[in-house]
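Participant: Structure provided below as structure tokens; questions to follow.
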């Protein structure tokens, strides 16, 4: 650190854990501000922005849904997003070390969020592998999901042209199939109430199946060869190869840290916007497109009086922004200390929400075209999730001139949307463990190779003929209630134990002005209520897991709850361990374990007769500090 308080790329003053005696360390920082912004945007903007938000907006009152969505975004989503970015930038460590320094009693929060990210990465990359498989399949003059004369097709298969000729709505009533309260996250959005990732029923009505539906379910997934989660069947080696390619891409993007991933995201984060723009222009030129957009945006303000609409809005906001996975904290820890994290939080949150809104025009312009072509209602083709991007949208693309081109860029968009979100989840784990265990940091390349090898081996279960059942189980339980509980404890630890006043001073020290009263009220009161609201409503509506007509056995649901509980239990388990291993009376132990690491170091130095500026780990230059500004 220079005399003026400037932080160089090579050396960043920062406090360490108790097992480290120095107060500064070598920490890599982003080579440019844009690298950080693109990484955060790439993580937050993922598949759910394309397949989830537009349908929610349509289902919950059209344009009126923007009212509860905007309120939940402002009072719950952005404050939590801002909080986690600020924590990461100020403490300059991954989740485990950060929480160990902030509130030692709640160090288990760090372990919990790392374990949640670990579970999610087991299955999230399978979605990317599906996208890659479709991408490879698109290199043909005739897209394979357009006809019914393939070996995987059944006599009930109907191509799109036959559907149009007979006016049979074989796409099916998707809104019925996907009538859910809280929907699929698939990394940034997770099932909360037993709703189904049903793709086998998509495209199925009155005994008929669309060609696109049979291609996905009978060829890509081969679900017809499995009876359930107890019958995974053989590994599909084409999918296993695609999954391997995905992990190789992830490895060579992350093995050197942010120096490599920060450059890769220039493509993976920006390419989807180019494709969305192209698809938007193309969609608006299709017949019937404005009918779809009308359904998407026409406001029905009576909908906002329904509790489930507000739950949908809150759930979408929370899981779309993605606090609690440790990703925001990890990415921000590589910022320069005086970076304006407040501006970054507002900018990236706005871009994330705007992307979701624009994606709605891309999706519903094509759904309007499908409804117009098939002679059915929008309700009969409007859906979300895998059924939208792997069945409905591909079927529509196949009818356009130059369909191969449209298919290639669409699935490349899905691939890149998934990849940079996967980068974030993996980096959260790597950074947290590297900061807590220095040996891992010194052998990062080997550790990342081992981590992705483990992911691949476990991911093979999702590449089997019954792998979708395993995938669906993880999607339901890996990061639903557990992430909500973890972030609830984050909000409590920061606001009520560490203290919003102290946290505000930390932010003032970084950016020159403290957060205003509004942010403090949100952190202290609104955010915890926001999280409890989502959690309690989800628990009330909980139903055992199903998929189409298949009901998961009791042992599968029990396994799912064990997975969910294994991460959350780290919070009390680590707290109990800390209480038992800390000397002193019970009251003294609580005092020590709720005292931030910096204060403990300050007290230790004062007791040793040493009083020095280094006892308070702040980086503000008093001569250049800015005056407080209320925001």
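Every residue gets a Cβ built from N, Cα and C, even glycine.
What Swiss-Prot records for this protein is below:
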- 42, 45, 417, 420, 421: Na(+) 1 binding site (BINDING)
- 44, 49, 320, 352: Na(+) 2 binding site (BINDING)
- 1-13: compositional bias 'Polar residues' (COMPBIAS)
- 14-24: compositional bias 'Basic and acidic residues' (COMPBIAS)
- 148-157: disulfide bond (DISULFID)
- 1-33: topological domain 'Cytoplasmic' (TOPO_DOM)
- 60-63: topological domain 'Extracellular' (TOPO_DOM)
- 88-107: topological domain 'Cytoplasmic' (TOPO_DOM)
- 139-235: topological domain 'Extracellular' (TOPO_DOM)
- 285-308: topological domain 'Extracellular' (TOPO_DOM)
- 335-340: topological domain 'Cytoplasmic' (TOPO_DOM)
- 365-404: topological domain 'Extracellular' (TOPO_DOM)
- 431-445: topological domain 'Cytoplasmic' (TOPO_DOM)
- 495-524: topological domain 'Cytoplasmic' (TOPO_DOM)
- 572-631: topological domain 'Cytoplasmic' (TOPO_DOM)
Participant: Between residue 421 (Na(+) 1 binding site) and residue 49 (Na(+) 2 binding site), how many Å separate their Cα atoms?
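Facilitator: Per the Cα atoms, residue 421 (Na(+) 1 binding site) and residue 49 (Na(+) 2 binding site) stand 12 Å apart.
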Participant: Return only the integer: C-alpha distance in Å from residue 42 (Na(+) 1 binding site) to residue 320 (Na(+) 2 binding site).
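Facilitator: For residue 42 (Na(+) 1 binding site) versus residue 320 (Na(+) 2 binding site), the Cα atoms are 11 Å apart.
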Participant: Spatially speaking, which of the recorded positions 44, 148, 320, 352 is closest to residue 420 (Na(+) 1 binding site)? Use C-alpha to C-alpha, please.
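Facilitator: Looking at Cα distances from residue 420 (Na(+) 1 binding site), the smallest one goes to 44.
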Participant: Based on Cβ atoms within 10 Å, give me the single least packed residue among the recorded positions 45, 148, 157, 417.
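Facilitator: Each of the recorded positions 45, 148, 157, 417 was scored by Cβ atoms within 10 Å; lowest is 148.
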Participant: Under 8 Å Cβ-Cβ from residue 49 (Na(+) 2 binding site), six or more apart in the same chain: what's there?
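Facilitator: Sequence-distant Cβ neighbours: 320, 352, 355, 356, 359, 417.
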Participant: Same chain only, please: residues at least 6 beyond the ends of the topological domain 'Cytoplasmic' (431-445) with a C-beta under 8 Å from a C-beta of the stretch. Say none if there are none.
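Facilitator: 17, 93-97, 100, 110, 113-114, 255-257, 326, 330, 333.
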Participant: When a 10 Å sphere is centred on the Cβ of residue 42 (Na(+) 1 binding site), how many other Cβ atoms does it contain?
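Facilitator: Excluding its own Cβ, residue 42 (Na(+) 1 binding site) sees 27 Cβ atoms within 10 Å.
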Participant: Tell me whether residue 320 (Na(+) 2 binding site) sits in a helix, a strand or coil according to DSSP.
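Facilitator: Its secondary structure by DSSP: helix.
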Participant: Please give the sequence-distant neighbours of the topological domain 'Cytoplasmic' (88-107): residues at least 6 beyond its ends with Cβ less than 8 Å from one of its Cβ atoms.
Facilitator: 12, 14-15, 17, 27, 113-114, 326, 328-333, 335, 337, 339, 341, 428, 431-436, 489, 493-494, 497-498, 506-507, 509-510, 571, 574-575, 578-579, 590, 592-598
Participant: Given the binding-site residues 320, 352, 421, which one is most crowded in terms of C-beta atoms within 10 angstroms?
Facilitator: 421
Participant: Any residues 6+ beyond the ends of the topological domain 'Extracellular' (285-308) with a Cβ under 8 Å from its own?
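Facilitator: Answer is 54, 57-58, 60-65, 67-68, 181, 360-361, 363-373, 378, 382, 400, 537.
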